[in-house]
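Peer 1: According to TrEMBL, the protein has these features:
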type	residues	note
DOMAIN	29-178	domain 'Thioredoxin'
DOMAIN	191-337	domain 'Thioredoxin'
DOMAIN	323-373	domain 'Phorbol-ester/DAG-type'
Amino acid sequence: MDLDDNSRNLVQALTNGDPEKISTSRFSSLLASKDRDYLLSSTTQDDQVKISDLEGKAIGLYFSANWYPPCRNFNKVLIGVYEQLKSNGSNFEIVFVSSDEDLSAFNSYRESMPWLSIPFSDLETKKALNRKFEVEGIPYLIILQPDGSTLHDGVELIYRYGIEAFPFTEEKLEELRREERMKHESQTLTNLLINPGRDYLLDQTMTRKVPVDSLIGKTVGLYFSAQWCFPCAKFTPKLISIYHKIKQSLEGKGGGEDFEIVFVSNDRDQSSFDSYYGTMPWLALPFGEPIIRTLAKYFDVQGIPCLIIIDPDGKTVTKQGHRHELTLVSEGNGGGPFICCDCDEQGSGWAYQCLGCGYEVHPRCMRAVDPATAASVQHT
């Protein structure tokens, strides 16, 4: 059987062991067609960039579509990372593989992108890429290295690490995971919530400053939410009810037990923050704090509403072998009666529960573990 030119070049490059030729031939075999050896540039509709110009670069194949909101949300994040990498002179490029429904949608979406694209008309190449990389959902970002290695979880890496993930090698990712484990091991409430120049939170009046140190020794919920988010608007009243019940149940009890929530705003402007926070009975980080983005990345918050529970020792509350963050719920909100998944005894009243799968444990059976480790192990 005769080999086509691209396959013949790839075989020859592999035989000669030339990494630059390997990367060029590999990209050509993936991205070119029999009558096209170029990609569309981001500068104008008709500008073309030779696929051979990608030689020696790490390439991100970006499967996305204008009609899907999660793609548009991720697109903004990816643009920020891409532009930082280009300004740093990093050897990286992205190629857009469209799942748009028509040429007009493709052109409209592509206008927001500063990278390269496969022409919308080349359905054969796009279908071949989807089959080869088994793309089952979008957004999807595959990183192709010049040495032939491939990473399939580019979306997660960008959301979790941002520009720090570059050059997207296993060595770099292991370094980031190691740093992440060290951060979680040394985690305290103060190093989570304090910024240089700010050691306080806002109270409900937004006029009194509450020292972060006053929360030490308490169970604290970090509530990621926003007024514009419809699921948040539905969940917040329920959380307010739970908050008041917990506060009432702790009144007059000895042992120094206490509970507090800190609002971590994802609102789009100060007025929205003021309006939304005005409905809440707990504390808040000031609007626009840079640490808000740091916290979202640290806890891998990929959607809101999200409630992270921090125990009195300043560690993230989760369950050994359980992949989800747990929510403290009352009997009236799903906490009882239940069989504890840790001790197998019946419980009622308060419980830590995974709202996604129904996993429940007694509060007394909880302990703090490294979430970076727990997140990689499923519960049984």
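Cβ atoms are placed via backbone N, Cα and C, with glycine included.
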Peer 1: Can you work out the mean pLDDT of the predicted model over the domain 'Thioredoxin' (29-178)?
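Peer 2: Value for the domain 'Thioredoxin' (29-178), mean pLDDT as a whole number: 90.
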Peer 1: Pull the DSSP breakdown for the domain 'Thioredoxin' (191-337) and write it out as helix, strand, coil residue counts.
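Peer 2: Helix, strand and coil residues of the domain 'Thioredoxin' (191-337) number 48 helix, 35 strand, 64 coil.
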Peer 1: Using DSSP, how many residues in the domain 'Thioredoxin' (29-178) fall into helix, strand and coil?
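Peer 2: Result for the domain 'Thioredoxin' (29-178), in helix, strand, coil order: 65 helix, 31 strand, 54 coil.
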